[in-house]
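*Asks:* There's a structure below that I have some questions on.
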Amino acid sequence: MSASVELSSYRDQHFKGSRSEQERSLRDSCTLYVGNLSFYTTEEQIHELFSRCGDVRVIVMGLDKYKKTPCGFCFVEYYIRSEAEAAMRFVNGTRLDDRLIRVDWDAGFIEGRQYGRGKTGGQVRDEYRTDYDAGRGGYGKLLSQKIAPNTDNR
């Protein structure tokens, strides 16, 4: 196995099962986590890019759990492992919508995982960001809440 398809050190803290079960699931998986997407990247764009590596079974867009709008990640599942490995090799670190995307192994999509886990509904990493990132909704959500004018006139 080449270095580009090896497992990263990241592990989903919400995985239901032991560490060894998670490792086994990752090693056998045909599912990829895709991160650092623009909030404006479409499922069609993702399909066009990832289908160059093989037959994509399904794409599940990551959504803000409250607004149900894209929040910068998705899951891409292939029918066979070798095609997912090709995507790890050739798509990880490429540009999509002028952003370097990250591709990592995922133990397999489970309903509910398409929603952001942050307090405000999106991804945790976007809550604490202090820089302005137009492709990911501007400033970090917690910072935006602090600097937003108070519109509550009670």
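Heads up, residue numbers simply count up from 1 along the chain you see.
Every residue, even glycine, has its Cβ placed from backbone N, Cα and C.
Pasting the relevant annotations from Swiss-Prot:
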- Y10, Y33, R102, V103, D104, W105, D106, R113, Q114, Y115, G116, R117, Q123, V124: mRNA binding site (BINDING)
- 30-108: domain 'RRM' (DOMAIN)
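Looking at the shown structure, can you explain where the listed features end up?
*Replies:* According to DSSP, D104 (mRNA binding site) sits within a strand segment.
Confidence across the domain 'RRM' (30-108), taken as the mean pLDDT and rounded to a whole number, stands at 94.
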*Asks:* Tell me the Cβ neighbour count for D104 (mRNA binding site), meaning other Cβ atoms within 10 Å of its Cβ, over all protein chains shown.
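*Replies:* Within a 10 Å radius of the Cβ of D104 (mRNA binding site) lie 15 other Cβ atoms.
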*Asks:* Give me the non-local Cβ neighbours of R102 (mRNA binding site): same chain, 6+ apart in sequence, Cβ-Cβ under 8 Å, ordered along the sequence.
*Replies:* V34, G35, N36, N92, G93
*Asks:* Same chain only, sequence gap of 6 or more: which residues have a CB within under 8 Å of the CB of Q114 (mRNA binding site)?
*Replies:* V60, M61, G62, L63, F75
